[in-house]
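Structure first, then comments.
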Amino acid sequence: MPLRGSISPWKVCSVVILSAHKGVANCFGNHVGEHNAANSTAQMTVGAPVSVEQVAHHWGAGRPPKSHSRGLSTKAPQASTTVAPQKCFLQITGMTCASCVSNIERNLQKEAGILSVLVALMAGKAEVKYNPEVIQPLEIVQFIQDLGFGAAVMEDYKGSDGDIELVITGMTCASCVHNIESKLTSTDGIIEATVALATSKAHVKFDPEIIGPRDIVKIIEDIGFHASVAQRNPSAHHLDHKVEIKQWKKSFLCSLVFGIPVMGLMIYMLIPSNEPHESMALDHNIIPGLSILNLIFFILCTFVQFLGGWYFYVQAYKSLRHRAANMDVLIVLATSIAYVYSVIILVVAIAEKAERSPVTFFDTPPMLFVFIALGRWLEHVAKSKTSEALAKLMSLQATEATVVTLGEDNLIIREDQVPMELVQRGDVIKVVPGGKFPVDGKVLEGNTMADESLITGEAMPVTKKPGSTVIAGSINAHGSVLVNATHVGNDTTLAQIVKLVEEAQMSKAPIQQLADRFSGYFVPFIIIISTLTLVVWIIIGFIDFGVVQKYFPTPNKHISRAEVIIRFAFQTSITVLCIACPCSLGLATPTAVMVGTGVAAQNGILIKGGKPLEMAHKIKTVMFDKTGTITHGVPKVMRVLLLVDTATLPLRKVLAVVGTAEASSEHPLAVAVTKYCKEELGTEALGYCMDFQAVPGCGIGCKVSSVEGVLAHSKHLSERATHLSGVGSVPVQTDVAPETFSVLIGNREWMRRNGLDVPSAVSEAMAEHEMRGQTAVLAAIDGVLCGMVAIADAVKQEAALAVHTLRSMGVDVVLITGDNRKTARAIATQVGIHKVFAEVLPSHKVAKVQELQKEGRKVAMVGDGINDSPALAQADIGIAIGTGTDVAIEAADVVLIRNDLLDVVAAIHLSKRTVWRVRLNLVLALIYNLVGIPIAAGVFMPFGIVLQPWMGSAAMAASSVSVVLSSLQLKCYKKPDLERYEAQAQAQGRMKPLTASQVSVHIGMDDRWRDSPRATPWDQVSYISQVSMSSLKSDILSRHSTTADDSGDKWSLLLNDRDEEQRI
C-alpha cells in the first residue's frame, strides 16, 4: 500500500533493523559470550559489545551512555593488534562489611593485568576486567584467597547456547581424545572442540542455528563413548548464605558452651556477700598468685580464644599481611589484648608468688565471641532474606523438559525427559498442568492459562492458545499444551531478567561509594581512638584517682591503685574496639538496594543498579516518546463508515473486498485494515487480488474476485448490516454486484484522480477523525464510494492516568516525537500533556534532555525505539518499554517488563521508599557509632553511663542486625494498583482531556509557542455553531457506520480495545 501519511525515517530504519520477533521473549536477547579459561572447567563471561555510545554518537548524542550499558553482542573482530580486555565473574565468600570490599578492590587493582574491579558485598560477587595476556581468572581467585576470602570463578548457571561442557567416559588413551575431537570438529556447525583426558571433560563451541547440544552428545555416543552434561553448582547457592549461616551458628554454639560458665561466674562474683571477697571459695589460691577463679577463667578463655576465634585470627592475619584492616582486626585486637594482658599479669603474680591472684580480663573474650558470633549468625540469616526475590526468580528455571516427537496430525510418537542444557531451538515440548514452561516459545496445540505473576508481576493468569507466546518460568495452570521452543538457555526472558537483576545488585549507588570510602578509614581511626582512650584514662587516673574510683568501684579492697587505673583504662580501650562497627555503615545501602531491586523485579520493573534506584526519586521532568510508548505502536481500525445501502452492498461484502485488496499491500495502515477485516469476518482466508497498483501518497487500485467463499463463512455479520440504511447524498449501486470488483482505496486526492466526488458530509467526517490524529481512508467499489475507514495508533488505556499521577507528584511531563504536529497535539490533548515537541530528530531529543539538565532538572526519558536510545543514554534515568528494541533496552536504566506506563510511576514511588530506607539505615548507623564510641570511651561517665566490653560487642552485633532488618521492611512494599491510582485521580478531580489551546507544540528544537490564537467571543459563538452543525451531520452518518466497539464513544481514540491476549 502506498505511503498515506508522513512516516519518520527513523521509524523506517528501526523496521529494517528490528528482528521479526518483537515479544518479550527476545527483547532481552542481548548475549554475553563466554571464553574458556586456563582449563576446560573454568569458564568466564566475556562481552564483545556493540557500544550504545556508537549509536548515540551517530544520532548526535552529547555524551557517552552510562557505564552499565552492555550493548548488543556481536562476533569478536577477526584481527586485532591489541588483546581486548576480558571480564570474569567471581564468587566471593567471607565478606562481612564494606572494609572487606575495600580491601579486595584496593589490593586487586594493584596487580598487573587487572584493569578494573567491582565487588558486591550482598551479592557475594566480583566483576573483574583484566588483560588475558598478563593474568588469568584462576590467578585472580588465588590472590583473593590469599587475602583471606573464599573465591571461585563463577560458572554460567544459565547454561549457554553455543558453549557446552560435557563429561565423557570410556576414554583410555590419547587416540580416544583425537577421535572425539576430529569427529566433532569435522561436523558442520561445531566451531571448536577441546577434550581433556585427565579430567574426562570436553568443551565444545557450536552454532545453535545449525546443531544443538543433544546432537553433539549423540555424535560422541555414536563413536562408542558415553557423554553427559557436566554438573553445575546450584544456581542460587551463593544467595542463600547457607554456608555462612552454618559456620556462624557453629561458632556461636562453640563460644556459648564456654561462655555460659563465664557468665555464671561473673554473676557469682557480683552477688553481694557479708564475708570478705577474698574469703570466697573461688578466690582461694591453688598456688601462690593463681586462684581457682582465674584458673577456670584461663581454661575457658583459652578454648574460646583459639577455637571460637580461629577464623578471626586467620582473617586478620591475611588482612594485615596486605596492609589492610577490617572488622576482624578490631575483634582480634580487643580479645587478644584482654587475653595477653591477663596472661602476663597472672604469670607475673605466679612468678612473684603473690598472696592474691590479680584481677584479669579472662571473662572478656568469651563474652565478646558469644555476641559477635550471634550477631554474624543473625546477620547472615537476615541477608539471606534480602536476596529471596532473586533466588525465587532463579528457582523458576526448570531443570528438565519433556521433548516430544510428532507424527502426522501432530500425534505424539515419543516423549523424552531431557536436561535443560540439551534442549534445542525448534524442539517441541509438552507442558502438563502445574508444570513450568521450560523455554520461551509458541503454543502449537492446546489451550491453557499461564501464571506469569513472578515474572511480570501481573496477578491474573494469561490465556494461551495456538500461536500465543509463552515465557520460561511461568506456570501452566490448566490444560496440557505443546510448545515450539524459540529461545532456550541464555536467550530466555527469565535468564535475561535474572542477569539484569544480578547486575543491578552488583552495582553501587553513589551514597554507597561514600560509605565504602569512609569504612576503609574506619578501622585505623578506631584503633587510634582506642589507644588515645587508654592513654588518657591512665593519665586521668594517676592525676585524679577519685574519678576512676567513683565510677569503677571494685569489690576487692586489696587491689592497688595502679592496678585499678590500668584495669579501667584497658576496659574502656577494649570497649571502644568492641563497640565500633563499620559493618552497619557498609550494609546500610547494599541491603536496601538488593531488596529494592528484587521487589521491583517481582513487580515487573527491572532497575539496573543502585544509581538509577537512588536517582529516580529526584526526577522532576519525564519525557515520553509517542509511538510505542504513549500509544501501542501498531495502527488499528477505529471506525468503519458505510456509505451505501446495505441491502445492495452489505457490510460483510465491503469488508471482504477491502480486506482482500489491502492484503496485497505491506503498508502499516493496510496491514491494520486487513487484520480488522479478517477478525470481523472470522476467517484467515480472503479473496484473490489482481492488477494491483500502488501510487505513493495517494492510494491503491486493483481488481478483487473469489470473495464468495469468504462471505459464506461470515454470515454472522449480516444481522449487524441490516441496521444500516442508505445515505441520500451518496449514490447507491442498485445492480447486482459482479463476480469481479474494481477497487480503489486511498485519500481524497486519489478519489478525485479517478473521477469520484467526495460529498461534503463525508469530507467533514474525515476531517473530524484527522483532527484526532487519525488517518481517514476512502474505499470505492465499482466506481461507487462505499466506505470510510478511520485508522490510528491507539493511545494506551493507562496513559492519561499515568500522566495525571506524575503531575500530581510534582513531575513535569513532556511529549517528544518525530511525528507531525497535528497528530502529536491530538495525542497530547487526550493524555493531558501540556508541552509537546513534534517533528524532532533523535539528536533533537538528546539536545532537549541536555537543555533541561543544564537548568538543573533531573530528567527521565521513556522510549522504546532505536531512535530513542541516544536520549535514553543521555537522560539521568532512561526507561525502556519491555517490548521495545534491544538497543533501547540496553541504553536504559529501567526496563518495564509489562509495557505498562503506570510502572513509570511505580518506579519513582519505589525509589522514594528505597532512598528513604537507605537514609534511615545510614542515620541509624551514624548515630550508633557517633554515640556508641564516646560512651565506650567513658565520655558519658559523669552521667553514670559505663559500658563493659561484652556490652559493646552486643551493641555492635545489634547494630548490623538492625540495619539489615530495617532494609527487609522494603519487602512489605506493595505497588499501588490501578484502582488506587484511579481513586486518587477521581478524588483530585483534574483528570480531564485538554483542549487544543492548552497544548503548546514546538517543532524540532523551536520553543516558540504554537498554540491557536486566543478566540474572541464572536469566534467562540461561530465555533459552537460549526460544532453543532458538524454534530448533526455526524449523527446522520453514524446511522450508517460501524465502530470497532459499539459500546463506547464512537469518536474515542480508545475504541477497539478488545480483550486480546495480554502482552508484557
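Glycine is treated like the rest: Cβ placed from N, Cα and C.
Just so you know, TrEMBL annotations never went through curation; they're auto-generated.
According to TrEMBL, the protein has these features:
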REGION    57-78  region 'Disordered'
DOMAIN    86-152  domain 'HMA'
DOMAIN    162-228  domain 'HMA'
TRANSMEM  252-271  transmembrane segment
TRANSMEM  291-313  transmembrane segment
TRANSMEM  325-351  transmembrane segment
TRANSMEM  357-378  transmembrane segment
TRANSMEM  521-548  transmembrane segment
TRANSMEM  568-588  transmembrane segment
TRANSMEM  922-944  transmembrane segment
TRANSMEM  950-970  transmembrane segment
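Beyond the ends of the transmembrane segment (357-378), by six or more residues, the same chain brings 96, 244-245, 248-249, 251-252, 254-256, 258-259, 262-263, 265-266, 283, 285, 289-291, 293-294, 297-298, 300-301, 304-305, 308-309, 331, 334-335, 338-339, 341-342, 345-346, 348-349, 554, 556, 559, 563, 567, 570-571, 574, 578, 949-950, 953-954, 956-958, 960-961 to within a C-beta distance below 8 angstroms of the stretch. Touching of the transmembrane segment (325-351) and the transmembrane segment (568-588) is concluded from the presence of at least three CB pairs under 8 A, sequence neighbours closer than 6 excluded. It is 568-588 that, among the stretches 252-271, 291-313, 521-548, 568-588, 922-944, forms the most Cβ pairs under 8 Å with the transmembrane segment (950-970).
When Cβ distances are compared across the two stretches, the transmembrane segment (922-944) makes no contact with the transmembrane segment (291-313), since fewer than 3 pairs at least 6 residues apart fall below 8 angstroms. Here the transmembrane segment (568-588) has Cβ contacts under 8 Å with residues 96-99, 101, 121-122, 327, 330-331, 333-334, 337-338, 341, 361, 364, 368, 379, 512, 515-516, 518-519, 522-523, 526-527, 529-531, 533-535, 537-538, 541, 548, 552, 918, 921-922, 924-926, 928-929, 932-933, 935-938, 947-953, 955-956, 959-960, 962-964, 967 of the same chain, all six or more residues outside its ends. When the domain 'HMA' (162-228) is classified with DSSP, helix, strand and coil residues number 22 helix, 23 strand, 22 coil. Here the domain 'HMA' (86-152) has, by DSSP, the following mix of helix, strand and coil residues: 22 helix, 24 strand, 21 coil.
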